[in-house]
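The domain 'AB hydrolase-1' annotation in TrEMBL covers 67-143.
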Amino acid sequence: QIIVDDDDSKVWSLYDAGPRSIRCPLIFLPPVSGTADVFFQQILALTGWGYRVIALQYPVYWDHLEFCDGFRKLLDHLQLDKVHLFGASLGGFLAQKFAEYTHKSPRVQSLILCNAFSDTSIFNQTWTANSFWLMPAFMLKKIVLGNFASGPLDPEMADGIDFMVDRLESLGQSELASRLTLNCQNSYVEPHKIRDIPVTIMDVFDQSALSTEAKEEMYKLYPNARRAHLKTGGNFPYLCRSAEVNLYIQIHLLQFHGTRYAAIDPSMVSAEELEVQKISLHSSTEQEEQ
């Protein structure tokens, strides 16, 4: 746990795993309902392959600027000049806002945006955003749970949702209220400030909290982004489709291997191995489509 602001109540919780010699790790930012440990499947797999990954849980921040400032201080504290960011949902929005915030002296080397959005107005909640801080925790939890998938689900997805409900229960009123405020207060990403950053957009074809319009908007904003589509995975593919998500993360980070922005220990890189995995992913998606 780390405090970087003057305010002692603002505590960042994080898991920092993998080789400390890596100076440009992959950092995970959770969704509204998530804590740092929702990315445990990524931490386990990626560190096993030699990557350095950091999963974060943000303290209570009430606006995007305050979050970006705190996050910059955290990176300074960890002595990280540039990082790769994987953001899920709200985490993806904050990752884009941070890249935009630091565009004059860039701190973000690349972005993986999972079920992310670029404009908070899609939630039609901008008018209530200022009142979340007044609501009791049970009401806030109800708002968040309203976006979780219901109906028959496969076991992995059901487990993923159970795990997220459990994490949601662990969050206090101010944590939830502040995240919902960040999620819904009127704001959008200015793509011209971050157009030179390599982006992978990861999304799912089944039911998730994101509308088709929100996804289309992301494709328009980042016409050159790589696309990582998962046939299923709902709101939390990193939990219930972790093997596919982890593979897409590796494919995204592959472009930095051998540079100073590699997130992996150079001694662990085996190009042939990744090539084999890429082919197997390709053939498995083709089989699914048939």
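The backbone N, Cα and C atoms fix where each Cβ goes, and this holds for glycine too.
What TrEMBL says about a protein is an automatic prediction, not a curated fact.
Here the domain 'AB hydrolase-1' (67-143) has, by DSSP, the following mix of helix, strand and coil residues: 40 helix, 14 strand, 23 coil.
In the predicted structure, the domain 'AB hydrolase-1' (67-143) carries a mean pLDDT of 91.
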